[in-house]
Amino acid sequence: MKVLWVALVVALLAGCQADMEGELGSEEPLPPEQPRGQDSQPWEQVLGRLWDYLRWVQTLSDQVQEELLNTQVIQELTVLMEETMKEVKAYREELEGQLAPMAQETQARVSKELQAAQARLGSDMEDLRNRLAQYRSEVQAMLGQSTEELRARMASHLRKLRKRLLRDADDLKKRLAVYQAGASEGAERSVSAIRERLRPLVEQGQSRAATLSTQAAQPLLDRAEAWRQKLHGRLEEVGVRAQDRLDKMRQQLEEVRAKVEEQGSQIRLQAEAFQARLRSWFEPLVGDMQRQWAGLVEKVQLALHLSPTSPPSENH
């Protein structure tokens, strides 16, 4: 689930950044891309594809940039975040209801740990959405400048943006690691507390107490397994929806690429036709001017040859 979220967010970043670098010049080279191997994490591979996409977007025209400059990506991310948080909240409430037979102290501790994990997950996703909006706002502010100034600033901004993306990805990786460790630690503490409370009943040596503890523990294990399977199914459902949306966005980007290529071909054909038209206009004019100049030179040379070379003699 965590790796899927990272891949989703980085791919969405690529969609948001597509409206940034339409008219970049070639004054300064982009930072070198780090090598990506088959053993790298999925989110690292997606981040590499993002940088490849940024390089491709440099060739887009202003019109295509304006078409891509909208809030659809952030809205899609917001809807997916809200759906996921609803699923997590529903599961937490159901789990708290199932924990009612437990001791009050154990129930309060488990509920508190579940709420903390939910809050951390919501905070991480909200932070990612805020970063997307921040990147988009910065680029919108830069697009109001002149073309030459925008070219100069965007070359430097790309390098800084790559560093920020790498830093954000590393920060998200650390947050997910902390969240996973915290969830594992909380679950281990809960199981340990339940085990400690059940151990005195088992150690009493009375057959009736052992039977009762076994009968009480088995339904709890069955319900825990049912919860695990239900949560696994919900997470798979969320993952499928996220993958479908990624596929849809990838298809839209392919359509934009095809549209850009088609427009580029039309522009080239129009430029060639205009060049041929200019040539047909100016070539006769240049030829006529050359002929007139040659005639003028010839007349001047003839006039020079016909002029007298000595003064007339005086009459005595």
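We number each residue from 1, going along the chain as drawn.
Quick reminder: no glycine exception, Cβ is built from N, Cα and C everywhere.
Among the features that Swiss-Prot reports, repeat '1' is placed at 79-100.
Annotation source Swiss-Prot lists region '8 X 22 AA approximate tandem repeats' at 79-254.
Sequence annotations record features per position, and here Swiss-Prot assigns repeat '2' to 101-122.
Residues annotated as repeat '3' in Swiss-Prot: 123-144.
Look at Swiss-Prot and you will find Met142 tagged as methionine sulfoxide.
For 145-166, the entry in Swiss-Prot reads repeat '4'.
Per Swiss-Prot, phosphoserine is recorded for Ser146, and the stated evidence type is similarity to another entry.
According to Swiss-Prot, the heparin binding site annotation covers Leu161, Arg162, Lys163, Arg164, Arg228, Gln229, Lys230, Leu231, His232, Gly233, Arg234, Leu235, on the basis of similarity to another entry. In this structure, Lys230 (heparin binding site) is part of a helix by DSSP.
The average pLDDT for the repeat '5' (167-188) in the predicted structure is 56. Marked as repeat '5' by Swiss-Prot: 167-188.
What Swiss-Prot lists as repeat '6' is 189-210.
Annotated region 'Lipid-binding and lipoprotein association' per Swiss-Prot: 209-289, in sequence order.
Positions annotated as repeat '7' by Swiss-Prot: 211-232.
What Swiss-Prot records for 233-254 is repeat '8'.
Among the features that Swiss-Prot reports, region 'Homooligomerization' is placed at 265-316.
Taking Cβ pairs closer than 8 Å, the region 'Specificity for association with VLDL' (277-289) reaches no residue in its own chain that is 6 or more past its ends. As annotated by Swiss-Prot, region 'Specificity for association with VLDL' applies to 277-289.
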**OP:** Enter the number of other CB atoms within 10 angstroms of the CB of Arg228 (heparin binding site).
**Re:** 10
Subject >> Cβ neighbour count (within 10 Å, all chains shown) around Lys230 (heparin binding site) >> reply: 12
Original post:
Within 10 angstroms of the C-beta of Arg234 (heparin binding site), what count of other C-beta atoms is obtained when all protein chains are considered?
Top reply: 16
Subject >> Secondary structure content, the region 'Specificity for association with VLDL' (277-289) (per DSSP, counts of residues) >> reply: 13 helix, 0 strand, 0 coil
Original post:
When you measure from the Cβ of His232 (heparin binding site), how many other Cβ atoms are you left with inside 10 Å?
Top reply: 11
